Amino acid sequence: MEQSKRVSMMREKFEAQSNEAESSPPPNRKPPPPNKRVQTNGTSSLNSSGSSFVSPSPSPSPSPQQPVKRPLPSPGVNKQAPPALPTQPRPQQQQPEIPVRPTTPTRTPPNLINSNGTSGGSGFSSSSGNSGYSSSNNNNSNSNSSINMNGNHSNGLNGGSSNPVPMRKVSSPINIANGTTPPPPPQPTPSQQPQQSPSSASHNNTQHNIPSPPPLPNNKPKKLAPTAVPAGLGSIIGGPKTPAISPGSTSPSLGSSNGNIPISTTSTPITPTPPISVPLATSPNNSHKDSISNSNSNNNNNNNNNNNNNSSNATTSPPSPPVSNVGNKQDEEKKGFLSIFTNKKKNKDKKKEFSVGSPFNVKHNIHVNYHSVTGFEGLPKEWEVILQSSGITREDVVEHSEVVIDVLDFHMQQQQQQAQQEQQALMQKQMQQSGIPAHMLNNPKPPTIPIRDANKQPHNQLQPTPHQPPQHHHQQQPPQQHHHQQQQQQHNNNNNNNNNNNNNNNNQQSAQQQSAGILSQQQEQQLEEMMCGGAYDDEQYDLNNQPLPDETNVSLYDLVSQEDPTKLFGEGSTKIGEGAAGEVFVVTQLKTNNKVAIKKMPLNQQNMKLIVTEIGIMKSCRHQNIIDYIDSYLVGDSLWVAMEFMGGGCLTEILEQFNSVKLVEAQIAYVCAETLKGLAYIHSQHRIHRDIKSDNILLGSDGSVKLADFGYAAQLTKSKQKRVTIVGTPYWMAPELIRGQNYDRKVDIWSLGIMAMEMAESEPPYMSFPPLRALFLITTKGIPDLKDQNKWSDDFKDFVKKCLDKDVENRPEAKVLLNHPFLKTACNSNGLVPAIMEAKKAKEAHSKFSIH
C-alpha cells in the first residue's frame, strides 16, 4: 500500500510538472542525433550520436512476483523483457568504452511498450516544448519509468533494456533550494567514471527509493516509420559533440519534464556511489561561468524549474565536459592577463636598449626618376616644394630631366649633411654636460687619411715635401741620416732596447727630441731653398715627375701635439671670424711674441674625417701661397689648429665693400696668379682643393695671397685617380662635380674662373638665384659672359673663358694657365695693399654706423 501511494504521488507530481512545462517556451536548440544500436532481439536503435553499436545490458533483478531469476543477456542472444514489478534493483554491468561519432540520424528510435501493452510516445517527445524530455503520454508515464539501484529515475529509449546511451552535453540545472549552493562536483578518476542509469521509458520519477515496474515481457518494441520524426525532436537542445563513453559508464537518463537530466553514478555493479551535485548559478548573467548553457532561454528554463527540483529532492546532474569556446575564452583571458607582464617586460627591454649614441653609417637613399607623362617619380613632397620654389620650370625639367635629378641629388645630400651636423651638435652638448670628451665617446678609433709618407712622424716633425727635385736628395744627406736615426730610435724604444750612448729613458727622449728638432730645422731650410729662385718653373709643377702616392692611413693622434696650448699662447684672445667649421681667434705666441690664428673646431664623428684631412694636407704642404700650419692640440672635446695669422683678412672682405673699393685688372691678375701658384703646388701632389672661393683666399697686410681651408681637399691615389664625391659651394662648383661624374684637379680651375668673375662683379654668377636653380643653370646653360664687356680686356675675358670651359679636356691645367698673357699684367704685392686698407676702413665705418 505504501508503495502504491508513493507511485500515485509520483504520478501527481509528474502531471503538475508536465503542465508547468507546457507553459514555458520551446527551446531553440536541436538535440544530438541518436545513436544507432543493435538490440539483442534483432532490432537496431540509434544512440544520441547517430553511430550504431551493440551494447550488452545488465541482467535485471528478479521481482517479488516472479521469484525465478532471469539469466543475464549476452551480446549474441535476444534479450528477454524484464518482469513488470522488480522487487530489487538490478545490478549493472560495466560497459567498454566505445567511441561515438555524431552522424545525422536516418530514422527515429523505436516506440516503447508501456506496462499496459500499448505503445507509448517516443521517449524524445516533449508535449510541453521544454528543454527537458517529458512524455508525450502522461497517462502511461508511471508504467514506462525505471528506477536504478541508487534510487534515481531516468528515461530510456528501449523498454526494459539497460543499453547505455551516450551522454548529451546540456546545461546543468539551477538549484536555489534554501539559498544554499552545493559543493562543486568531484572530478572522476580514470578508474572511476560516472555511471549512468539505464533507461526504460519516457517517464520522470521524482522518488528515489521506489522502483518502477519494467515493461511486460515478450513484448517486442515497435519501430517508427523511416520518415517519422518524434514530436518535439526539432526543439531538443543541440549541444557539442558527444564525448566517448569511458569503461564502466552507462548511458545518460533522458526524459525529465523540467529539463533536468539526473545522472546516477556507480563505480561497480555492486557498490553504488552517491549522486554528484553541480555548482549552481544564482544569476542568469553568471550562468555562463558555472554552467555550460549557450543561450539565455536555457538559463530562464533552469531558473523556472528550480522549485520543482528542490521539492522533489532530485539529484542534479554533473556538469558536462567544458565547451571548447569556454576553453578558448579562458586561454584568451589567460593570454591577455599574462600579456600585461610580457608587455611590461618588453617595454623594460626597450628602455634598456635605448641609449643616446652617435649615428653611424647614415644613409638616406632616395631614388628619383622622371617620366615624360607623370613627371618625377619617387620625389618626396618636400623636394617637390623645393623644386617649385627654385624657379626650375616644367620646360627645363622636360628638356633636362637627368640634370634636374642630379641637381636634386646633390641638394638632398647637402640637406642630409646639415641634418647630421645638427644632430652631432646636439649630441656634443649632451656629452659636454656629462663631462666626457666627445671624441673619446664617438671616435675610439679616429678615421684615417692617405698621406705620402708611410712612416709616422712626431707631431713637431714635418713631412718631407713630395715635390723635391732629385738633386736636393743628394745634397741634403744629413736630414736623411737623422731621419734614419729617428726611425731606429723609435724602433728601439718600442722594443725597450737602447742603442744610443745613454741607457735611460730620459736620455732616449731627449735624444729623440733633439734629433727631431735638427730634422725640423733642416727641412725648413730645404723648403726655403726650394721656394727661393726658380720656385715657379715648369719642372716643379710637372705631374709626370711626381708618381701617385700609395694610400697610407694615419690617425688624428699621430698628427696632433701632446703639449698644453694654454702654456704656449697668451690668455688674451680676439675673435676674428666664425664659420661652419668653428670659430677663429687671434692669440699671441709666448715664444716668438707673434700673433697666431687659432681655429677652434668641435670634434664629432661627422667632421672628424674632414679635420684629419685638413691637418694632414696642411702639415705636409709648405709653400709661400699656402697658409702656414703651426700645430694642432686636443683640448677637451675640441681641436685647436694653430696657423699663420693673415692681417689683411680674406678676399671676401674686400668684395663686400664693392661700392667703395673696386679691384682693377692688375689686382685681379695678381690674386689669380698667386692662387694658381698655390693650386699648381697642391696639384703636383695629386691633391684637389675643391673649395676655391674668395672666402678661402687669405690676404696679408703686406699684400701676400695664400690658400686656406683644406677641409674639402682630397688626395688622389693609385686606387683613386679621380673622385665622384659631391662637395663644395654650389655657385663655385664645376658641372662635372655637380652631376657626380668622375672629376680631377681641373674642378679647381673652374672655381678659379668663377672667383675671377666674382672679383670683377663682386659676386659669382647666378648668385641671385636659389642654389638649386643655380646648380641647374650651371650644368645646362653654363656661365654667362661678363656684364660689362667693354670694361674688361680681351686677355681677361679669354682667361675667364678658358677657366670656365665645360669640356674638361679643353680646360687647361694650373701650370699652363700660369703662362697666360693676362697674368703678365699683374701687379706686385704692394699694389694690393691699398685695396686691403680701404676695405678695412670701409668696414669699420660701416660697423660704427650700424651701432649708432
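In case you wondered, yes, glycine gets a Cβ from its N, Cα and C as well.
Taken from Swiss-Prot, the feature region 'Disordered' covers 1-334 (among others).
Take the CB of S8 (phosphoserine) and look out to 10 A: across all protein chains shown you find 11 other CB atoms. Under the heading phosphoserine, Swiss-Prot lists S8.
Residues or ranges marked as compositional bias 'Pro residues' in Swiss-Prot: 24-35 (among others).
Look at Swiss-Prot and you will find 44-56 (among others) tagged as compositional bias 'Low complexity'.
Swiss-Prot lists 57-74 (among others) with the feature compositional bias 'Pro residues'.
Taken from Swiss-Prot, the feature compositional bias 'Low complexity' covers 90-117 (among others).
Feature annotation from Swiss-Prot assigns compositional bias 'Low complexity' to 124-163 (among others).
The compositional bias 'Pro residues' annotation in Swiss-Prot covers 181-191 (among others).
Feature annotation from Swiss-Prot assigns compositional bias 'Polar residues' to 201-210.
If you look up Swiss-Prot, you'll see 246-270 (among others) marked as compositional bias 'Low complexity'.
Under the heading compositional bias 'Low complexity', Swiss-Prot lists 293-317 (among others).
Residues or ranges marked as domain 'CRIB' by Swiss-Prot on the basis of sequence analysis: 356-369.
According to Swiss-Prot, the compositional bias 'Low complexity' annotation covers 419-433 (among others).
The region 'Disordered' annotation in Swiss-Prot covers 419-526 (among others).
According to Swiss-Prot, the compositional bias 'Basic residues' annotation covers 470-485.
What Swiss-Prot records for 486-514 (among others) is compositional bias 'Low complexity'.
Between the recorded positions E578, D691, D691 has the most other Cβ atoms inside 10 Å of its own Cβ, all protein chains included. In this view, I576 (ATP binding site) is surrounded by 14 other Cβ atoms within 10 Å of its Cβ, with every protein chain counted. All protein chains included, V584 (ATP binding site) registers 20 other Cβ atoms within 10 Å of its own Cβ.
Of all the recorded positions listed here (I576, E578, G582, D691), G582 has the Cα closest to the Cα of S8 (phosphoserine). Taking Cβ-Cβ distances under 8 Å and a sequence separation of 6 or more, the neighbours of G582 (ATP binding site) in its chain are K599, K600, M601, P602, S638. Across the fold, the C-alpha of V584 (ATP binding site) and the C-alpha of D691 (active site, proton acceptor) stand 19 Å from each other. In three-state terms derived from DSSP, D691 (active site, proton acceptor) belongs to neither a helical nor a strand segment and is classed as coil.
G582 (ATP binding site) carries neither a helix nor a strand DSSP state and counts as coil.
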